[in-house]
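Have a look at the structure below, then the notes.
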Amino acid sequence: MEAENCTKSSEFLLLGLSENSELQPHLFGLFLSMYLVTVLGNLLIILAVSSDTLLHTPMYFFLSNLSFTDICLSTTTIPKMLVNIQTQRKDISYRGCLTQVYFSMSFAGIDHFLLTVMAYDRFVAICHPLHYMAIMNPCLCGLLVLITWLIIFWVSLLHVLLTVRLTFPAGTEISHFFCDLPQLLKVASSDTFINNIILYVATALLGVFPVTGILFSYSRIVSSGMRMSSTAGKYKAFSTCGSHLCVVSLFYGTALGVYLSYAVTRSSQGSSIASVMYTVVTPMLNPFIYSLRNKNMKAVLERLLRRPTFCL
């Protein structure tokens, strides 16, 4: 009991991406720039969707939720890393570490499910266009987002509660730039068998069902598109899916890279670098993908940015 109490009031050491002191100013500038671009880009998407009636449709409603989640995911990890680089410290409190675990898992999981919901939205729009507004009504859209948040928040809470029962040696070092659950389980001094089983089961269930939903939706979309006699109709149908497919490929490709880099090389540094892709790079690129490939979004953003500013 004494060791456990000591552990719960202790601090962890985040080793970051590199221990080279000469690289720290460059890493600080790079990640600060990426964080600002992520926040500003996604805030623009949210502002555009909320301010223009042209974008008051289910697809853009889900997109604004995705942008909000991306801001939260980046905010969970990057600011603490920037503070540690600036102050030349590596510590994070026990509670702070568990908080990072909870919210990083939650927002990454919500991203995961929102992409699935967006694929279903495209499936209904293309395969059942006459019934689209009746099926994708505001109540269903809100319910899908609410269920997504509730499921992921409770699953993340289960992981944190199981982690609280573990003990860690004093001055535990985590070879990562944030508190990632798999890395945290690696450095625990107590038995993590149950934690690993729950982690694998949750990852399998929460991974298989969304991926299956996305694959099913796009298989039906492709099948429906191929039956269209008009070339213009096919182009219009598939073009509406282009942005979503890019984001899906980027998110799942980088997430898969994290697990493959760890499974193949067992390198913590390789896993950390791969994690940068889905926690930092993907949220930063999402606004560009949707604004550059979507005519409606591009038009609304142009009108928004051209609005005159009034100074006092």
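Every residue, even glycine, has its Cβ placed from backbone N, Cα and C.
Heads up, TrEMBL stuff is auto-annotated, nobody curated it.
Among the features that TrEMBL reports, transmembrane segment is placed at 27-49 (among others).
What TrEMBL lists as domain 'G-protein coupled receptors family 1 profile' is 41-290.
Under the heading transmembrane segment, TrEMBL lists 61-82 (among others). Tertiary neighbourhood of the transmembrane segment (61-82): same-chain residues 14, 16, 28, 31-32, 34-35, 38-39, 42-43, 45-46, 49-50, 92, 96, 100, 103-104, 107-108, 110-111, 114-115, 117-118, 121, 141, 145, 177-178, 247, 279-280, 282-284, 286-287, 290, selected by CB-CB distance under 8 Å and a gap of 6+ residues from either end.
Within the same chain, residues 59, 62-63, 65-66, 69-70, 72-73, 76-77, 144-145, 148-149, 151-153, 155-157, 159-160, 178-181, 206-207, 209-211, 213-214, 217-218, 244, 247-248, 251, 255, 278-279 sit at least 6 positions outside the transmembrane segment (102-120) and bring their C-beta atoms closer than 8 Å to a C-beta of that stretch. According to TrEMBL, the transmembrane segment annotation covers 102-120 (among others).
Residues annotated as transmembrane segment in TrEMBL: 132-157 (among others).
According to TrEMBL, the transmembrane segment annotation covers 197-216 (among others).
According to TrEMBL, the transmembrane segment annotation covers 237-260 (among others).
Look at TrEMBL and you will find 272-292 (among others) tagged as transmembrane segment.
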Key: Closest-packing stretch to the transmembrane segment (197-216), where packing means Cβ pairs under 8 Å, from 27-49, 132-157, 272-292   = 132-157
Ask   = Same chain, outside the transmembrane segment (132-157) by at least 6, Cβ under 8 Å from its Cβ: which residues?
value = 58, 61-62, 65, 101-103, 105-106, 109-110, 113-114, 117, 121, 124-125, 202, 206
Task = Within the domain 'G-protein coupled receptors family 1 profile' (41-290) only, compute the mean pLDDT.
result = 86
